[in-house]
């Protein structure tokens with residue numbers, strides 16, 4: 001039976017910002033940017049991008065994995081950590097703020113865990129930073145050894161081995177080497193580390209119920225650090241047996257180039273609710289197995305909770321092949337509090353957050369605003385946007401339920417944040433009489449408010465649609481031009497997200513909708529009917545995702561049997577807002593909608 005999880009927190013929506021406040025109060029060497037709640041960046045208190053003369057090393061991702069990554073900010077390790085919401089990738093704006101705050105002329109290395117949202121958001125931020133003149137390199141870490149190598153386009157997940165890669169990068173940067181050297185050593189480290197975990201329970205997100213997916217006497221091998229299902233569920237075994245299985249999976253499956261006689265370091269990582277006693281038992285059993293059964297020289301052992309999954313019970317094992325150079329990087333001095341290093345020195349009585357740095361590409365244009373009087377097209381846009389946003393708001397709980405089955409359970413919450421931001425911003429900022437600029441502003445609202453993969457994909461969606469609409473010189477957008485904008489948006493999402501039809505994503509709703517819309521418009525069907533019929537295709541396409549094997553995103557790690565129990569929440573959300581908009585316009589404006597949207601045809 002599922003039950004409400006017990007947490008020592010205040011408002012579940014404030015857990016990340018309150019964690020950061022407590023962190024910087026505890027360790028005098030850390031600070032945060034004054035951008036709460038949208039921007040959540042922890043940085044070294046002694047570093048400013050304007051004067052920093054070494055390569056900055058930045059990592060980050062969704063929160064809930066503490067002490068990763070904010071606990072590793074400090075001299076000799078990370079220069080800054082970008083914190084997303086719980087299990088949600090940080091926004092592009094947060095990542096850019098971190099880059100601007102700590103990056104000097106030597107440049108910046110981004111160490112990114114291999115999850116779709118992190119790759120997209122950090123990738124987009126890197127491109128923007130380069131356009132502003134910053135030197136940026138990126139290293140993707142995918143050290144997971146639990147799942148088969150063929151996992152669609154998603155690839156191996158980034159796990160606790162990322163901490164070792166960060167340490168190598170931080171040591172090289174602290175020595176004053178170039179950005180190319182820092183990136184090269186970090187990449188080398190990422191290619192010789194493997195990780196696998198085992199869990200006795202799933203984690204409980206703040207404010208949500210505790211899942212009962214793992215019954216009494218069961219354990220899950222290869223469980224993801226966001227609670228996504230692992231490679232297999234098995235009966236609980238003694239830790240000796242568990243360790244042997246995990247080591248064989250890492251060392252005998254050709255994931256990492258480790259052979260007998262190699263030197264290695266070992267990390268035993270608690271997943272959040274595992275007592276130190278049990279971690280030490282695991283470490284004590286692992287070392288002799290590595291030495292006697294696998295013929296490896298264990299040079300260092302790191303045991304503790306380094307990258308957790310909230311309150312998950314279990315541990316992961318990471319093994320990294322080392323030479324003398326990598327070992328020196330791992331041994332190099334660091335002031336990062338959780339490497340682990342205890343807090344030392346006097347704490348100042350008070351701290352003032354560092355002001356947010358301004359963008360190098362700030363626009364001088366006058367800000368767009370809502371017109372005092374709406375045209376007919378403006379009224380149509382307002383009705384469509386309001387209906388679409390409210391449809392998503394009303395689906396928050398069911399989207400979270402579906403996503404809990406196949407992922408981390410936050411799809412509805414993320415979409416809800418985006419929808420509420422759109423409604424709030426529309427009242428003040430959207431130039432509704434200008435369709436192209438309105439779509440662009442929707443993208444800005446989404447980019448600011450939504451974390452994770454959905455946020456960046458919808459931002460890309462809106463920006464591509466905006467570019468297509470902006471090319472039209474007419475003030476009124478025709479149905480054909482809306483279809484062209486939808487087609488451009490779908491192409492952009494497919495290009496950057498890597499998905500297409502049948503991948504079990506939002507595109508499985510939008511691609512059928514586009515096909516029907518173009519077909520109906522070409523046949524001479526009136527505009528309103530064409531949009532309504534295309535929305536029916538979107539709903540059907542979304543429903544069909546229950547029969548698809550995921551090829552992209554976090555759900556690509558989930559078995560077909562589990563996927564078949566629920567539709568893809570992203571596809572269902574896309575179908576819902578599309579259909580709500582089409583029906584709302586039909587109910588309020590038909591047939592005037594057809595007259596307005598087809599004006600230029602006459």
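Note: Cβ is positioned from N, Cα and C throughout, glycine not excepted.
Please treat TrEMBL annotations as automatic predictions, because they have not gone through curation.
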Original post:
If you check TrEMBL, which stretch out of 259-284, 285-310, 311-336, 337-362 is marked region 'Disordered'?
Top reply: 337-362
Subject >> Listed in sequence order, residues not in 62, 63, 64, 65, 118 with Cβ within 8 Å of the centre of the substrate site Cβ atoms >> reply: 61, 68, 83, 84, 86, 87, 88, 89, 226
Original post:
Hey, of the binding-site residues listed (62, 64), which one tops the CB count within 10 A?
Top reply: 64
**OP:** Identify, in sequence order, the residues in the chain of residue 63 (substrate binding site) that are 6 or more apart from it along the sequence and have a CB within less than 8 Å of its CB; answer 'none' if there are none.
**Re:** 15, 16, 19, 40, 83, 84, 85, 86, 87
Original post:
Where the record says 62, 63, 64, 65, 118 bind substrate, what is the longest distance in Å from one Cα to another among those residues?
Top reply: 15
Subject >> Rounded Cα-Cα span from residue 65 (substrate binding site) to residue 226 (active site, tele-hemiaminal-histidine intermediate), Å >> reply: 9
